[in-house]
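Asks: Residues or ranges marked as carboxy-S-adenosyl-L-methionine binding site by Swiss-Prot: Lys88, Trp102, Lys107, Gly126, Leu176, Glu177, Met192, Tyr196, Arg311.
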Amino acid sequence: MIDLSPLVRRLAGTPLASWSQGLQAQLEAKLEKGHGDLDRWRGALQALPTLQPSEIDLVNGLRLDCDCDDATRAQMRQALMGLSPWRKGPFDLFGVHVDTEWHSDWKWSRVSPHLNLKGKRVLDVGCGNGYYQWRMLGAGADMVIGVDPNWLFFCQFQAVQQYLPELPAWHLPFALEDLPANLEGFDTVFSMGVFYHRRSPIEHLLALKDCLVKGGELVLETLVIEGDENQVLVPEDRYAQMRNVWYLPSVPALARWLRRAGFSDVRCVDVSVTSVEEQRSTEWMRYQSLGDFLDPNDHSKTLEGLPAPRRATLLARK
């Protein structure tokens, strides 16, 4: 059983205290429903060797290390491989380099210089396997809660968390919709790589705003197109072979949507075209990746003939 009492204690005396009281029951109800592969993934977690990190680096990447022999390292590698595919990372765990599909460290290096997370209570919506949560702690966050309903990501987070049990990071297998309205308890809320999957983008922005304290900051990272404030791409069917992509606004259009949703001090801090070096298939993620979804003769377009993935990060204040 995953014991959330440390989280409840951490949130005592904060605006999130009453919400925290029901989290254990909510988590156990989710675990009871579970997933067909959950037992297999739990087996991989149980196969991880018992180690105590003597070196922890969450600032320059995500690296844990200690003196361990080749057999222990091989055991670590096999157990982690049992949690494939690994999408966000990379992780360096006791000499095992988990070469994930995404170079999430590149994105973090673009975004983090614009943030001040020191002492902040942070929510990461659609947190994936928690890679960014650890980096947020490395940047000085007081605590980080991540929510993502994907069970494999939940187990991947547990794989790292079992070596960092004292650090104030928690992964809840919840969707944003599972959080109560008007939480108003987080200093910073992240939504990275989620917005374009939402059928109702303004509703998503309002739900994110609900999670923030007054004066809190939203960090929104999403797919965009070039153009003015009236330009928005709505794919006819698929985008880069994804069926669940709904809205790709221009940066000025997205800024307007944020203002319309009641945010202020809206600013874009980064725009970058995603390269096939930043997102690609690896030994740890053997399925198709970005290179398979672009026009082979023109990487500025997707297979559908639409503009290739371009991502922007906008900051806004409640």
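Keep in mind that glycine also has a Cβ here, set from the backbone N, Cα and C atoms.
Describe the structural context of each listed feature in the structure shown, including burial, neighbouring residues and relevant distances.
Replies: For Lys88 (carboxy-S-adenosyl-L-methionine binding site), the same-chain residues 6+ apart in sequence whose C-beta sits under 8 angstroms from its C-beta are Thr100, Glu101, Trp102, Ser104, Gly128, Asn129, Tyr131, Tyr132.
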Asks: What is the total of other Cβ atoms whose distance to the Cβ of Leu176 (carboxy-S-adenosyl-L-methionine binding site) is within 10 Å?
Replies: 20
Asks: Tell me the Cβ contacts of Met192 (carboxy-S-adenosyl-L-methionine binding site) under 8 Å, same chain only and six or more apart in sequence, or just say none.
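Replies: The list for Met192 (carboxy-S-adenosyl-L-methionine binding site) reads Lys107, Val111, Asp124, Gly126, Tyr132, Val219, Leu220, Glu221, Thr222, Thr313, given in order along the sequence.
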Asks: By a simple count, how many Cβ atoms lie within 10 Å of the Cβ of Arg311 (carboxy-S-adenosyl-L-methionine binding site), its own Cβ left out?
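Replies: Around Arg311 (carboxy-S-adenosyl-L-methionine binding site), other Cβ atoms within 10 Å: 19.
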Asks: Taking the Cβ of Lys107 (carboxy-S-adenosyl-L-methionine binding site) as the centre, count every other Cβ atom within 10 Å, in any protein chain shown.
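Replies: By my count, 23.
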